[in-house]
Amino acid sequence: MADNSFGPGGDQKFVSEGEFQAGEAASGIIAGVTFGPTEVVYYKVNNLAVFEGDIVLGTVAELEQTKDAANRDDARARGVIITGARFRWPNAQVPFQIDSALPNQQRVRDAITHWEARTPIRFPERTPANAAQFPNFVEFSDAGGCWSMLGMQGNGMQTISLGTGCSTGNAIHEIGHAVGLWHEQSREDRNTFVTINVANIETGMESQFDQHIVDGDDVGGYDYGSIMHYPRTAFSKNGLETITPVQAGAQIGQRTALSAGDIAAVNFMYPQTARASSSPVVSWGPNRLDAFVLGTNRAVFHKWFSGAWGPSVTGYENMGGIAECAPQAVAWGPNRLDLFVTGTDSALYHKWWNGSAWGPPVNDFERLGGIVVGEPEAVSWGPNRLDLFVIGTDSALYHKWFDGNAWGPSVLGYENMGGIATSQPRVVSWSSGRLDVFLTGTNSALFHKWFNGAAWGPSLTGYESLGGVITSFDEAEVRAATASSDSQHRDTN
């Protein structure tokens, strides 16, 4: 989407409004949870050290102290460096207050509502009555431009600045930094997905496009649709693109809503409270249950009930793997199980139980390709039939299927079903050859598409809007009644 708050204009050397601010360049040292002390270039803006346009690493004095300590190889250096590192908010709670002088305070409350509807993060409002409970908190104020510190700083109040040109979408973006999200294009794998056009970047700002500082080891696949991504003309000196997606037609820099990838990253950062990580339990017959969970080592574990718990009441079967999401399972017939997870490369992986053995071997998985954001959704409308739905890095819906003989459109391929999803898909089958898919869009409305056995309606890439303002669809369950026991269809909610 277009956003006139981006980028300095003309010969401007300091931007007081918008996301991208610049001033005198300097270098400092920062560190994070998964990267050690690293030298970065920042810009001095109102005595603050501003990194990548809208991330405040601390005061200039603090960053200078950090660098001096590092240069001296001072034993205190790491303790000073931590000033600019990412920290998690306890219990996934970000206490907040709003400066009474801030204009248009509704944009703050709308942004908070958006975050609470889609993530496990909660925002208790700090008041004189409860202030003692929340020693660390954010204050929304107009401190010039749109910017935030990264993660919980742990030194009392920290600012999220929303200048007069900052929209609700900008507020959602800056809250992302406060929660702990870096810019998407700072990933180490960035150059595989976007091209940086250095010739179009404002002189002196080139360093802001060449620093791969991502805490969390690039969680998930690259997400063009992330609200944390720079737009195409960020810091442009001539109005031409500074960032061009490798994928033709990919949209970057939206400031409308958290993407499915943003939500998945937050759930990964705050796993103890992630609402979208429920582990599935399925049944393929009477008196039979199969449960799949992730262990602390991110491997898949399995236990079952067939009159008694196996391998024991408190034991689990280790099925290996390193998964980035909760496992999703489906049963399409007696003594048949199919299990799906996303791996550390964000591809989809599969294993199955055929009634006598796991395939491939118990600690191995079949790779089904793709770059998946969040959890897969699996459903079966009959024996030897599987349909899988995932969200891609462009927030579109993708589909693959197994017809009893082979994967379609191919083992590693997916059918693009369009859309811009802000939730994981929910799918149900109520008859042979029938599928109904539901997800939420960027306007928070519910959308629907269906397969009638011959074609997708309203079209392959089209959706029927069902309206509403949905706040909790990732927790929703879609169920269908079946006419007889031989036409059972189970989804994976």
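Using the three backbone atoms N, Cα and C, a Cβ is placed for every residue, glycine included.
According to TrEMBL, the feature active site maps to GLU174. For GLU174 (active site), other Cβ atoms within 10 Å of its Cβ number 26.
Cβ neighbours within 10 Å of HIS173 (Zn(2+) binding site), excluding its own Cβ and spanning all shown chains: 27. Taken from TrEMBL, the feature Zn(2+) binding site applies to HIS173, HIS177, HIS183.
Less than 8 angstroms from the CB of HIS183 (Zn(2+) binding site) sit GLU52, ILE55, MET228, HIS229, TYR230, each of them six or more residues away in the same chain.
Listed in sequence order, the residues of the same chain lying 6 or more apart from HIS177 (Zn(2+) binding site) and placing their CB within less than 8 Å of its CB are ASP54, ILE55, SER148, MET149, LEU150, GLY151, MET228.
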